[in-house]
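Participant: I have a structure I would like to understand better, so I am pasting it below and will then ask my questions one at a time.
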Amino acid sequence: MEPMASEPSVPIGTAFADLLLQGPEHPSLWNDLTGMFRKAFRWRGADKRFTLSVYVMSVLQGLFPILDWWKTYNLKFFRSDLMAGLTLASLSIPQSIGYATLAKLDPQYGLYTSVVPPLVYAVTGSSREIAIGPVAIVSLLLSSMIQKIVDPSVDPAFYRKMVFTVTFLTGVFQFAFGLFRLGFLVDFLSHAAIVGFMGGAAIVIGLQQLKGLLGLSHFTNRTDVVSVTKAVWVSVHETWHPENVFIGCSFFMFILAMRFIGRKYKKLFWVSAIAPVLSVALSTLFVYATRADKHGVKIIQKVNSGINASSVEQIDLKGGYAAECAKIALVCAVIALTEAVAVGRSFSAINGYRLDGNKEMVAMGFMNIAGSLSSCYVATGSFSRTAVNFAAGCKTTVSNIIMAATVMVALELLTKLLYYTPVSILASIILSALPGLINVQEVCFLWKVDKMDFLTCMGSFLGVLFGSVEIGLSVALLVSFAKIIIQSIWPQVEILGRLQGTEIFCNVKQYPVVHETPTVLTVRIETSFLCFVNSSSIKEKIMGWVTDEREAFRSVVLDMSNVVNMDTSGLAALEELHKELACLGIQMAIAKPGWQVIHKMKLARLVDGIGEGWFFLTVGEAVEACLANKAGNALECC
């Protein structure tokens, strides 16, 4: 008697089918979540007997990597770190002052940010080469977003209060990302989006420096290119002093020339590192000697001396702007982490060790929380300063400690000497750091390889350039999510053929030499998540192939090796597909389903409906079973 659909025929059994259907249950969502937390505080050192003291030491070593390497630290390492730290300080001091002005803060706050965060990172961070301090992109983010709430020129005290609050919340977000292993959230900003964002931000930062370079008194607070161009056009028709342009452009060319020498002759790397601080010293001496400030050259004037003051009382988490501060902090946290982790991993790969992104996030969170309590704004890893630190031969994070100590000495003893430093020299230092943020070669690569990534890049770039930082990030996220959604809604479903004489099955379009198996339609579902957005289209595509050649097929084999998970809509689509095929007298077989997939199919009783004998570990076994099945055409619709 011919079997009915409710009693599916069972092929000649395979030796390993039971392994697929009788495996252990997949861990629950609760187990996955608690596992992440346990992993954050896991006990390291399985070769040691577990005791409370061993566990505590293991946790402390995870939070403070310095406890691991300080025992092997020696005088040779210290000499290398000392030279690297001093070289790093010569670059950090002028850059920190410049980035503070970009963040609409007084110069000393940039120097403060080069003291506490590097010290904290030195004991909590795991990257040996990364140089911590203020960076251009984050400085622009803070000034462009916070000044929409409060104008720094009208109420500088409240503006600083907002900056410290945002910095504190940025640290909290970063610490939480690392503690709960949520580093994947940073990946929502794709590489293409970051390339476009960095390029657009670099141009915006450069345009903002025209105020200092031209010595303008009045300038727009907006960051889009149209507003800045209009402000420059209006200002140049007013009184301005070309001496500022002369000083700024002269030293800008000097810094670029020293950088060229440093890159061409590797042993002279220190030349490019000291060029900014040398420019500050020479320009300050020139202005003081000629009293150029009396002839229209703008100077920074007073820089408060002394090390970081406490800012605990300035952090306001209960005020009316707490929600706005949290939004700004989330953006800053993601951008700062993206830059820092990318920089850290680049140099760790060169030196042959692995950098744990989640530990780096915890370290970044620690240092920004500590920084917010000591008059610092958001700090992160700087690519240009890290490159200098690496070239100078740093061995450990002690170079950050040397750099921070040097900046502290400068805060105590040298700030009075900065009174006559021209504003245009700070603009030239910032401008000299921008070319590295614009990666034209990478944009061309995106256009060549992936047009959708290129669209994401240009959307982010144009959004920042003609809108604002928030618009640029929003456009990048929207395009990235649109790409994911489009690929989810219309996933690839491939017809497979066998490579003659083997058990290898390939896409017949990609490999024309393979042959389709007569009477068996073998398809592979190219999606990791079979769900409500794509299950219907996948089912319709398979049924379309079957109905187009109804008489040609007796069986359909689904290769589900790429399907990691599925929801109830995916289960329903598979059940409907099985019933429709059964009504046409066609047997359905499933090969290589994932752990979660087979677990959910058993819970939904779909395994019983299809038949346990029609699940296989390989596509080849499924195809051979379908060929051996003589009753496939006898299935009836019930």
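Glycine residues also receive a Cβ, built from the backbone N, Cα and C atoms like all the rest.
Caution: TrEMBL annotation is automatic and unverified by curators.
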Participant: Looking at the candidate ranges 188-207, 588-607, report the one that TrEMBL labels transmembrane segment.
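Facilitator: My reading of TrEMBL: the transmembrane segment range is 188-207.
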Participant: Check each of the ranges 57-77, 162-182 against TrEMBL and return the one annotated as transmembrane segment.
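Facilitator: My reading of TrEMBL: the transmembrane segment range is 162-182.
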Participant: With the transmembrane segment (188-207) as the reference, find which of 268-289, 361-380, 417-438 contributes the most Cβ pairs under 8 Å.
Facilitator: 417-438
Participant: Any chance the transmembrane segment (268-289) and the transmembrane segment (162-182) are in contact, meaning at least three CB pairs closer than 8 A with a sequence separation of 6+?
Facilitator: no
Participant: Going along the chain, which residues at least six beyond the ends of the transmembrane segment (162-182) come within the CB cut-off of under 8 Å?
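Facilitator: Non-local partners: 36-37, 39-40, 103, 105, 142, 146, 149-150, 311, 314-317, 321-322, 325-326, 328-330, 332-333, 336-337, 357-373, 375-378.
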Participant: Among 245-262, 361-380, 386-410, 458-482, which stretch has the most Cβ pairs under 8 Å to the transmembrane segment (417-438)?
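Facilitator: Checked against 245-262, 361-380, 386-410, 458-482; highest Cβ contact count belongs to 245-262.
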Participant: Same chain only, please: residues at least 6 beyond the ends of the transmembrane segment (458-482) with a C-beta under 8 Å from a C-beta of the stretch. Say none if there are none.
Facilitator: 140-141, 144-145, 188-190, 192-197, 199-201, 203-204, 222-226, 331, 452
